[in-house]
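Structure, as structure tokens:
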């Protein structure tokens, strides 16, 4: 139980630190210092970078396929949230799962894992260095736990990151946010984005807006 207490305290601390980073950086530069470029491998063994997400909203989650309960619960929750968003707005949010256990989570395993949750969920893995880089840029904490080199768990942050069509971090949702709360907030961000970006329509950024394009809406 002591170990569980430490784990919970660590997660709470990292969530609070993320909140501080977001608030402080928004005050200084007008946007949160969270996220950035990444270069990973998708579930089909193909290169996948942050550029592949441009043009659509995405929800990113960091976890691992051997996770016994938290990751499945969180991925089911966010899958329900994006279904609610699509039903309400017609917008398809891209779901992305990023493994923090690249030693075991190879593309075939990641592919099988994400297919259990949502047909649009993309699973990403990579080498240790690239996983460390993307985790650091998103302020993700993770650490192996257990005595065996082969049979271990990974303690990690439990956070969903909303990314806008320009690849910028928008906000995050913790474990205490349910599917309805996530969907409601994301829908509000979609509405705000639509007002500020006329070329954005039903989840996609259209080609450069011209008079003809505007008339055809």
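Easy rule for this one: first residue shown is 1, then count along the chain.
A Cβ is built for glycine as well, from the same backbone N, Cα and C atoms used for every other residue.
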Candidates 156, 160, the one TrEMBL lists with 67, 71 as binding Cu cation: 156
Shell list (Cu cation; ref centroid = CB of 67, 71, 156; cutoff 8 A): 62, 63, 64, 70, 74, 100, 154, 158
Residue 71 (Cu cation binding site), number of other Cβ atoms within 10 Å: 22
Nonlocal neighbours by CB distance (under 8 Å) for residue 67 (Cu cation binding site), same chain, sequence gap 6 or more: 153, 154
In three-state DSSP terms, the structure that residue 71 (Cu cation binding site) belongs to: helix
